[in-house]
Amino acid sequence: MRLHSAAVKGDVEKLRQISETGKVCVDSVDKEGTTPLILAAANNHIDCVTELLDQGADPNLKRETGTTAIFFASQGGYLEIVSLLINSKAEFDSPSKGGGTPLIVACQCNHLPVVEVLVENGANIHHQMDDGATALFIAAQSGNLDIVKYLIINRADVNLCRTDGASPLWISAQMGHFEVLSELLYHRATVDAAREDGVTPLFKASHKGHVECVRELLKCGANTGLMANGESALHAAALHGHLTIVNKLVQSGADVNLKNKEGVRPIDLARDADYTLIVEFLKTCNPGDEAPCYTSSTEDKVILDLEHKDQVETNC
């Protein structure tokens, strides 16, 4: 494994000396199928990559995981090596086990220049992993607005979902990536596209406490009623102590007396979870209650009190 050792260390002279003996195959592999070229690319040693390619190394050999030299170069953001491998006929759409490609891993690791060179050279922007995730889905999950914009400009489908029905909009709502969510909505992402369990982007943002995402989804007409699974965003916000979101949902017409599939109202969930201030807030918004609804200034005070008492769960 002397050739592998030289490739890892970036010792191009040692690598050349070993190769010139003619006793070591340039594409020799370790027990996991790793070649010297893969190691050189993964460690950003462009001189070694160049030398190995000049000696006839195959850029398309895969490890047992299905990953190649260009996969690791893309993962690391090593633009020069990615370009060199492309020019050496590396197959940049060849998936690893699980379906990941160099483009997808570059999106995951936030390497826009690598994304650009891959797309410019014809990488399949619509390729789906085994779970259905696309490059756009992964970029939305990572929260990289520049990559999301670039993929959309290059005709990525904003509504292409994972096999479980989760869309790029859905994952951006879950992660709280407001700017990405807004960009997707601007390009006509389906606002109420639900995962197979019936959970919508609004429900997920309400559950996680992502106020700006909730506000933007409501502005775009997200449904505040019961979802296919018999729950609502207001139930989620009340259950997890997100008072500001509870207020936004009520202001947008959410029914405070709406019962879920188990016959439970949002106020009941808040009461069971000991979110007293949310209970009091929902009481004031009940048409049958004589007390007035909170004004915005009162709401601000309640929110401060809530935060002071540490009743809000921020990591749901």
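Just so you know, glycine gets a Cβ as well, placed from its N, Cα and C.
What TrEMBL records for 32-64, 65-97, 98-130, 131-163, 164-196, 197-229, 229-261 is repeat 'ANK'.
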Could you tell me what the rest of the chain brings near the repeat 'ANK' (32-64), counting residues at least six beyond its ends with Cβ under 8 Å? 3-4, 6-8, 10-12, 15-16, 19, 26, 70, 72-73, 75-76, 78, 80-81, 84-85, 88-91, 94, 96
Six or more residues out from either end of the repeat 'ANK' (98-130), which same-chain residues have a Cβ under 8 Å from its Cβ atoms? 66-68, 70-71, 73-79, 82-83, 86, 92, 136, 138-139, 141-142, 144, 146-147, 150-151, 154-157, 160
Is the repeat 'ANK' (197-229) packed against any residues at least 6 beyond its ends, judged by a Cβ distance under 8 Å, and which are they? 164, 167, 169-170, 172-174, 176-178, 181-182, 185, 191, 236-237, 239-240, 242, 244-245, 248-249, 252-255, 258, 260-261, 312-314, 316
In terms of Cβ proximity under 8 Å, which residues at least six beyond the ends of the repeat 'ANK' (164-196) contact it? 131-132, 134, 136-137, 139-141, 143-145, 148-149, 152, 158, 202, 204-205, 208, 210, 212-213, 216-217, 220-223, 227-228
Grouping DSSP H, G, I as helix and E, B as strand, the residues of the repeat 'ANK' (164-196) number 17 helix, 0 strand, 16 coil
DSSP helix/strand/coil residue counts for the repeat 'ANK' (229-261): 16 helix, 0 strand, 17 coil
